[in-house]
Each structure stands twice: as structure tokens, then as C-alpha cells.
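Asker: I'd like to ask you about the structure that follows.
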Amino acid sequence: MSPLTTTILFSSLGLGTILTMSSHHWLMAWIGLEINTLAIIPMISQQHHPRATEATTKYFLTQAAASALILFSSTTNAWTLGTWDIIQMTNPTSTTLLTAALAMKLGLAPTHFWLPEVLQGAKMSTALIITTWQKLAPMSLIYLTMHTLSPTILLLMGMLSSLLGGWGGLNQTQTRKLMAYSSIAHLGWMATISTILPNILTLTLIIYLLMTTTMFSTLIMLKSKTLQDLSTTWTTAPTITIISLLTLLSLGGLPPLTGFMPKWLILEELTMQNLTPTATIMAMSALLSLFFYLRLTYTTTLTMAPNTTPTKHKWRFKNSSPKLLTMATPATLLMLPMTPLLIS
């Protein structure tokens, strides 16, 4: 892809997200989402491969259907109330449709089936954009409309997403699919807390973005697409392998790493709101996710002796510049002591 094309596509991605996040009118928010979708499609399909074409088609169809639902819900709301203001969506039918549309946009269960397939067909760098940047615009719409959305629907979707995210990742051997199910589980935690405490939603989203960016950066630098690839990384890049191990444990929510913070705060808030059964289900679902993260760390670091003997599986190519990894790693691993500062 030429530098000019890349610049246009990335500019459009940024423009679409910022337009949606800063708009008060439903049509402007919808236009931003459409620009976003149309900018990412050439990135997914740039590999001339049937799987990439299939992933592009699936992504386009799901995002187009979700955008149409958003437009339909906002039109219905404007018809009954006479306003296009995003904050003033109070029609029950419209809010239910909007919740379904945003769930489809994000990849929340039960509309999550497209996400693992699309990530598997895309390049690692494109998969990173889909699981991080592409979540910002729909999340901002949830943030703007959270006082009108149904808490019951979001709690159910959150519980289902965290359960299916953990369950779906158990038998996966492809790292991109594992990260897709990880994304579904984390989005479930965000959906659960979204209507209760927006501050924790924002904090959880930021930490999720940091952890996912770090993990994808290590996978890109190690060129690891499967578990078998990960099992031979110790001999080629020991330092990055250690970072990926700690990042996986942080994604699983183990203390004293950063990933423990959002889970702890969400479970505490759910308990305070007398939603103890929901908190119990969420904690149990976190164990499912933790199992496949631990399996991944075991495969990565404990199946080979920690030596630097020449390996037959991978050439020692010069790694790309680790600037993104350098910036994201400290926040991914060391932010837990800053919890009081972040929630104040």
C-alpha cells in the first residue's frame, strides 16, 4: 500500500472516530461511523487472499447492518420526540435498538461471531486497529446515552460476553482468535459497569486499550500467529517473550499487575449495588479467561529451556522499532499502585 493511500486511510480512521465522539446530532455520529468503516475495509482486504476477502465481507456486512440499526433507532426517536440530540434518546424502542446496534458494532455477545473470523483474516497490525481504535466510537456513543440505555440488557450482554469470551478461547490455537475472545470478554466487563459508574467504564477502556496494544505489539515483533510459533520465541527474543508473559497475566487480571485494577473495581461496585449474583458470574467467567491466558504463558515460556541455542523454526530477523511497545508496557504492568489516584 502506497504512503499516500496509507495516510488517507489513517486520516479517515481518525476523522470518523473524532467526528462520532464530538457530535451531538445523530446524523453526524452516523456519518462518523460510516467513514470509520469505509476506511478500515481496504486495510483488511489489502492481502490478496480468500480469507482476507471473506473477513472484509463479514466486517462490512455486520458494520453496515449495525449502522443501519443506529440510523433506524435515531429516526424512530426523532419521529416520536422531534429531536435528533444524542443525549435525548428516551423512546424505549429506540434505546433497545441502539443497544443491539452498538453491541453488534463492538462485538458484544450474542452478536460477537464476526470478530474472531475478521481478526483471523486480517493482518496483525490491522487486527490491532480493529480491537483498539475501532472500539472508541461505539463506546463513546454508549457513554453519551448511558442514562437512557436499559441497565438490564447491558448487564445480561456483559455477563454473556464475559462467559462466551472465556469459553470461546479455551480451544483456540490461533493468537488472533485468542485476542478476539479476550476482547469480547473485556468488552463484557465494560458493558456490565457502563450504566452504573461511567468513571470506571472509562478507566477499564483505557487499560484494555493499553494491554491489547502491548500484546499485539509483542505478537507483531515475534511474528507469532499460532501457539506453535510462540513456543519457539524464547530462543529468538527472550526480553519480548518475558513482556508477552507478563502482559498475558495482566490481561487475565492477576495482581499486582494493572489488569487486576478494573476487575477489582467493577466487582466492588457490583457488590455495592446489591448485584452479588452478577459479580459472582463475572468472577467465575474471569477464571475461564485466565485459564487460556495461563495456557498461553505456559506454552510461551515453560515448554523450552531458557537458552539461546539456534532454532530451526525461526530466523533471527532484525526486529522492528519497539516504540509503541516501550510506551505501552510500563502502563500495562505497573499501574495498580496508582488506583486511588485514577479513581479520585
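Each position is counted from 1, following the chain as shown.
Glycine is no exception: its Cβ is also placed from the backbone N, Cα and C atoms.
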Asker: If you check TrEMBL, which stretch out of 56-75, 96-115, 176-195 is marked transmembrane segment?
Answerer: 56-75
Asker: Among 132-151, 152-171, find the range that TrEMBL records as transmembrane segment.
Answerer: 152-171
Asker: Looking at 204-223, 324-343, which one is transmembrane segment according to TrEMBL?
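Answerer: Based on what TrEMBL states, transmembrane segment spans 324-343.
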Asker: Output the single range from 56-75, 152-171, 275-294, 324-343 maximising the number of Cβ pairs under 8 Å to the transmembrane segment (234-255).
Answerer: 275-294
